[in-house]
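Colleague: Take a look at the following structure, please.
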Amino acid sequence: MKKIILATKNNGKAKEFKEIFGSIGIEIVTLLDLEEDIPEIEETGETFEENAAIKAETIADRFQMPVMGDDSGLEIDALDGKPGVYSARYAGLEKSDQKNMEKVLSELDGVEQDERTARFVCVLALAVPGKETVLKRGRCEGRIGFEPIGDKGFGYDPIFYPDGYDQTMAQLEPEEKNRISHRRDAINQMMDWLKENPLAE
Ligand SMILES: O=c1[nH]c(=O)c2ncn([C@@H]3O[C@H](COP(=O)(O)OP(=O)(O)OP(=O)(O)O)[C@@H](O)[C@H]3O)c2[nH]1
Ligand SMILES: [Mg+2]
């Protein structure tokens, strides 16, 4: 398999998938690369797994080809796992990374450093027409800071300190983020599965 369709319209994800798969010679095509306009896919699931499957299966049905979907987000322990599956739209439907971070920081007002534990989660779904969808969950543990720092990455990266780092995810070089991220973890698990269960060409 030399080309994979990724059912996303998120530029940050698209870039990371292209970097990671590019390094092993696989081309990633996303919904942002297609000429035709694909309607917004409604994320009606209550779990990352359900939403990743909805995205992958919708596009796999449409093109009758194998498709991967990524549903991901941030789970903050002091907020009982929020924003979770609502990470992209936490501060409203217009999807502003800035506003989402502000909302999280204000909800964590008064919460001390030791209590600010969190993790990024990435669930990858591989949908193949006529087959059962395969799901893999990746994680990256860390803590939420007190202000946004750094301008790399996307989403909540400027307020997330991965365990073992005194820099935020948005201060790390892309290669470093891609080495330790939840997305990398999920991709590694999916690649391992694909080695055991190769798709027919
Ligand atoms: O700082 C971050 N670093 C990451 O590495 C990361 N991965 C996910 N997220 C957050 O979780 C939402 C995904 O929501 P999501 O899976 O529904 O994707 P999306 O709606 O942005 O695009 P699509 O793939 O659905 O088209 C994103 O928007 C971000 O807020 C991240 N934040
Ligand atoms: Mg989404």
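Each residue, glycine too, has its Cβ placed from N, Cα and C.
Automatic prediction, not curation, is the source of TrEMBL annotations.
As annotated by TrEMBL, active site, proton acceptor applies to Asp71. Under the heading substrate binding site, TrEMBL lists Thr8, Lys9, Asn10, Asn11, Gly12, Lys13, Ser72, Phe154, Gly155, Tyr156, Asp157, Lys177, His182, Arg183. Feature annotation from TrEMBL assigns Mg(2+) binding site to Glu42, Asp71.
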Colleague: Fewest other Cβ atoms within 10 Å: which of the binding-site residues Gly12, Gly155 wins that one? Let me know.
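Modeller: With the binding-site residues Gly12, Gly155, fewest surrounding Cβ atoms within 10 Å: Gly12.
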Colleague: Which has the fewest other CB atoms in a 10 Å radius around its CB: Glu42, Asp157, the listed binding-site residues?
Modeller: Glu42
Colleague: Can you tell me the CA-to-CA distance separating Gly12 (substrate binding site) and Glu42 (Mg(2+) binding site), as a whole number of Å?
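Modeller: Counting only the Cα atoms, the answer is 19 Å.
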Colleague: Out of Asn10, Gly155, Asp157, point to the one nearest the residue listed as 'active site, proton acceptor' in space (Cα versus Cα); all of them are binding-site residues in the record.
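Modeller: Minimum Cα distance from the residue listed as 'active site, proton acceptor' across Asn10, Gly155, Asp157 lands on Asn10.
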Colleague: Starting from the Cβ of Asn10 (substrate binding site), draw a 10 Å sphere and report how many other Cβ atoms land inside it.
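Modeller: For Asn10 (substrate binding site), the count of other Cβ atoms within 10 Å is 19.
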Colleague: According to DSSP, collapsed to three classes, what secondary structure does Thr8 (substrate binding site) have?
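Modeller: DSSP call for Thr8 (substrate binding site): coil, neither helix nor strand.
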